[in-house]
Amino acid sequence: MDGQVPSEGRVEVFHNEYWGSVCDDQWSLEDAEVVCKDLGYSGADLALVAAAYGVGSGPIWLDDVQCRGDEESLDQCDFDTIGSNDCLHEEDASVICTARGSLRLKHGTSSHDGILKIMGNSSSTLDSVCGDTWTAAAGEVACRQLGFSGYLNSSLSDPSNSANSGHDDNAPWKFLSGFRCNGNERRLEACPDAEWSPVDACYEKQDVILQCDPTAARLVDGSGPYEGRVEVFYGATWGTVCDDQWSLSEADVVCRQVGYELGAKEAPRNSYFGSADGPILLDDLYCNGQESSLFSCQHSGFANHNCNHRTDAGTICLRNDKQIRLVGGSTSYEGVVQVWYFGEWYTICDDAHWGREEREVVCRQLGYEVDGDDRTPVAFINAVIGYTARRHYNCTGEEEVLFYECPWSFNSGVSKCLPETVAQAWCSKPKDLEIRLQNSEYAGQGRLELYHSGTWGTVRALNEHQSEVICRQLGYESVMEIYDEAVFGIGDGPIWDIETITCYGKEDNLRECTSDWDGRVVGDQDHTQDISMMCRPYESIGTIKPRLVSYDGAISNGRLEVYLGDGAWGTVCSSEGWGQTEAEIVCRQLNYASGQYAKIMDPSEFPNSNGPIAFSNVDCDAHDDSLRECQYGAWGEQDCLHDQDVGIECYYYGEPGGVIPVWEIVLIAVICSLMFLILVGLAIYQRGRHGRRVSSPTHTASRDDHGYTNNNPVCDMTEPPPDYRPSTPPPTESPPSYDSVM
């Protein structure tokens, strides 16, 4: 009902002489598939919630519908008793069925980009979309119709390059129009002047290459994009998350989902960032912290909740101000500006606002000052690779971080990212006492080098306070290890003697320390004693939990891997130091009670790895809570092979194979014995007073807050209950049914 075309609208079913709507609790694409096939369509494009096509006016007949997707009609699916629900019409469910005008993305690198195709008169026919008069507003409509939360970019294919085009000269029709879309239409066909035309009418024969925004989560009403009320995109609408069971594990997933790979700092509850007024889409979430999105976590079903907006969940993410880089230049302080966004580096394409103010912020964020030279921005254009982010930034020049603090808006132009529209920055040369870590595959570790008077040199000696400041200056939390004997190779240039640079350990960079250092060097210039360092990252094993990789996908056992950054994971070598203590710490970090002894990787039990080996020589204290607190060797610097990879099995108390400590067994036995004696005493007392028999209590399996069954055999001392018998005979009539779906 109330759709623009017959293949879309609010779902209604007929029962007892009345049409009524369906509540969107747990409404899914499988449910929509059944509705669409029942109406004669080949399938469903989208399942929509929150009265996307307006509210109904009759009864609400169905709630908590759960279909597999292969049923012939909704009456074959599971649902609550007809007419029984706790819904309002603002929760009416809707569908968009696959039909003429449905859109698809083909030949792309992901699910959210590709050549735009449109379904013709047959569900087996996909026609191209003519790009002659394509606009960004049309792209916004197309992405919305495809079920994405927004539009990122579009371009036109080169008709001379068949590898970059989905154009089919044999296709009898192309979808052609002036595309005078205003951007608010629900379907591309609804744009003015949209019409089907012969292929010859598409003069340039250029297909549309569309890139939609895959964002399915966002943070709203915080002081910056790194914090706010959690909202998710489902069923063509944004909605909130209830804070039942909300914790740092769930907040970690949200932060990585919105681009903050360091995870969460806090997980506020009780509408800390204010209440929303839209639908509540998720409740009773449980994440282990390793999922790629909230949708991969356990939950009670979409739009199925028992909350109100006073319990909207919030998140505060750890900021990573280093998620920006300059590429393609001849030095590290000039080049094309790229930002880290949803697991990819994006080149900024800004044809209007990019200027000195934006360059000042980029240089400041990278630790440089801006170069005053207003050169023509064409020198680094060959560095433009991968995705482009079409954004207008509007900085004042005083901000510290581009991505978080500068206002921005989408660039709606669709022209190619030309040299004059690529964001570039050229910063001044490094200041004295700039530092860097060299000759390591991984960030945060390497040979220490210091800049003075135009020259980079190494360091022979370093104290604890200096090392803390150096790591903080590089953007890390603190120092982990200091190595001598040129662990990361020998350097060249002078060897600086920085003994007279006095730091207290709280400064943000060496220039804030007390110093009369003037470039003094050590007496001998033997680089075999060059100092190297490893800094403790905010990222990686610090805030992103390790994971266990198994053959069957189980998360409680398998090959141990830790996060290396930039989407990469590495294994851990089981060389000297690894044992029961380290295994138990990993399992505790993964929210398990304990762990069995870690063992050398056996390919028959755990899949082999062909990725990097992160580190070896792990040494933990029994009181450590995570690998972050343990000592271990330099990242990437070990002599191990993958047949020495660590494998772990973790378990909860009470699971098969779990071992309960003796003291806990004794304690449980004492408690159960006391309870048994109390029950016996009560039974004797009641028999004496009333002459009645008291039936033995029965053991009931219960679930904890996360749904794990507790069948502890120690306390199961009672007889099994008698067979259940209903108090009244079952009904002889079949349940009511409805006649059709609308």
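Keep in mind that glycine also has a Cβ here, set from the backbone N, Cα and C atoms.
Just so it is clear, the model here is predicted, and its values are computed rather than measured.
Checking C87, C97, C130 against TrEMBL, the residue bonded to C23 by a disulphide is C87.
Per TrEMBL, the disulphide partner of C287 among C297, C307 is C297. Recorded disulfide link (TrEMBL): C620 to C630, out of the candidates C630, C640. Disulfide annotation in TrEMBL: C67 is bonded to C77, selected among C77, C97. For C97, the cysteine that TrEMBL lists as its disulphide partner among C36, C181, C191 is C36. Record source TrEMBL places C181 in a disulfide bond whose other cysteine, from C191, C202, is C191.
Counting other Cβ atoms within 10 Å of each Cβ, the lowest count among the disulfide-bonded residues C297, C620 belongs to C297. Cα spacing between C620 (disulfide bond) and C287 (disulfide bond): 26 Å, rounded to the nearest whole number.
Here the domain 'SRCR' (546-651) is broken down by DSSP into helix, strand and coil counts: 16 helix, 34 strand, 56 coil. Ranked by CA distance from C297 (disulfide bond), the disulfide-bonded residues C23, C67, C191, C513 have C67 at the top as the closest. Under the three-state DSSP scheme, C36 (disulfide bond) falls in the helix class.
Taking only the Cα positions, the spacing between C513 (disulfide bond) and C23 (disulfide bond) is 64 angstrom.
Considering other CB atoms within 10 Å as the measure, the emptiest surroundings among the disulfide-bonded residues C36, C87, C287, C503 are those of C87.
Taking the Cα atom of each, C503 (disulfide bond) and C191 (disulfide bond) are about 65 angstrom apart. Residues near C97 (disulfide bond) in space but far in sequence (CB under 8 A, at least 6 apart, same chain), listed by position: S7, E8, A32, V35, C36, L39, Y41, G43, A44, D45.
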